[in-house]
Amino acid sequence: MVCGGFACSKNALCALNVVYMLVGLLLIGVAAWAKGLGLVSSIHIIGGVIAVGVFLLLIAVAGLVGAVNHHQVLLFFYMIILGLVFIFQFGISCSCLAINLSKQTDVINASWWVMSNKTRDELERSFDCCGLFNLTTLDQQDYAFCTAVCKSRSPTCQMCGEKFLKHSDEALKILGGVGLFFSFTEILGVWLAMRFRNQKDPRANPSAFL
């Protein structure tokens, strides 16, 4: 059978959804592992990653069941949801690639002061730095209460903002690139689901509609 046939479309859609399932399980597993080892204590971060993993897993299961059973309703909603996810993810990925250092500084500064003291302390110890940018009285107070190891080795520590900026540009490019890649796999999933949904099952009753 040629690759444009019913079986090929079905197998391709199943394979794509198996990949989505593995990615969803990986996200859930990594979040649980990070929480178990104490690498990340913020319940909001862990909960967000797990929620994304569960959401991706549910979409993949719906797509897989729809593909295996040639279920018209499931495939329709799968196409709609995956299309909406593509629009959202494509926009976020483009934003990650377009953000400049000035915007990154603003985002880091705003994020730093909405974090809990515990989260800031963990970041300072993890990156071995103290304070953010030392631009305000609050920054100086934050530096004074820092518990990073670098304070015991030298009279001054590198500011955390400098280290964050150094890594954030690379991280944003990686996130943007990975996001764009998955965005195009989602478009592929929508196209495969639409194509497969409109194909007639050769094993079905010849007089039945699709």
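Just so you know, glycine gets a Cβ as well, placed from its N, Cα and C.
The topological domain 'Cytoplasmic' feature in Swiss-Prot is assigned to 1-12 (among others); the stated evidence is sequence analysis.
The transmembrane segment annotation in Swiss-Prot covers 13-33 (among others).
Residues annotated as topological domain 'Extracellular' in Swiss-Prot, with sequence analysis given as evidence: 34-44 (among others).
Annotation source Swiss-Prot lists transmembrane segment at 45-65 (among others), citing sequence analysis. Same-chain residues lying 6 or more positions outside the transmembrane segment (45-65) and placing a CB less than 8 Å from one of its CB atoms are 13-14, 16-18, 20-21, 23-28, 30-32, 34-35, 71, 74-75, 77-78, 81-82, 85, 189, 193.
Positions annotated as topological domain 'Cytoplasmic' by Swiss-Prot: 66-72 (among others).
Under the heading transmembrane segment, Swiss-Prot lists 73-93 (among others).
The annotation topological domain 'Extracellular' is assigned in Swiss-Prot to 94-173 (among others) on the grounds of sequence analysis.
Annotation source Swiss-Prot lists N-linked glycosylation site at ASN100 (among others), citing sequence analysis. Taken residue by residue with DSSP, ASN100 (N-linked glycosylation site) is part of neither helix nor strand, so it is coil.
Residues or ranges marked as N-linked glycosylation site in Swiss-Prot: ASN109 (among others). Classification of ASN109 (N-linked glycosylation site) by DSSP places it within a helix. With a cut-off of 8 Å between CB atoms and residues at least 6 apart in sequence, the same chain places LEU132, PHE133, GLY161 near ASN109 (N-linked glycosylation site), listed in sequence order.
Per Swiss-Prot, the feature N-linked glycosylation site maps to ASN117 (among others). Taking a C-beta cut-off of under 8 Å and a sequence gap of six or more, ASN117 (N-linked glycosylation site) has no contacts in its own chain.
The annotation N-linked glycosylation site is assigned in Swiss-Prot to ASN134 (among others).
Residues annotated as transmembrane segment in Swiss-Prot: 174-194 (among others).
The topological domain 'Cytoplasmic' annotation in Swiss-Prot covers 195-210 (among others).
DSSP labels the residues of the topological domain 'Cytoplasmic' (66-72) in these numbers: 5 helix, 0 strand, 2 coil. According to its DSSP assignment, ASN117 (N-linked glycosylation site) is helical. Note on ASN100 (N-linked glycosylation site): other Cβ atoms within 10 Å of its Cβ, all shown chains, come to 8.
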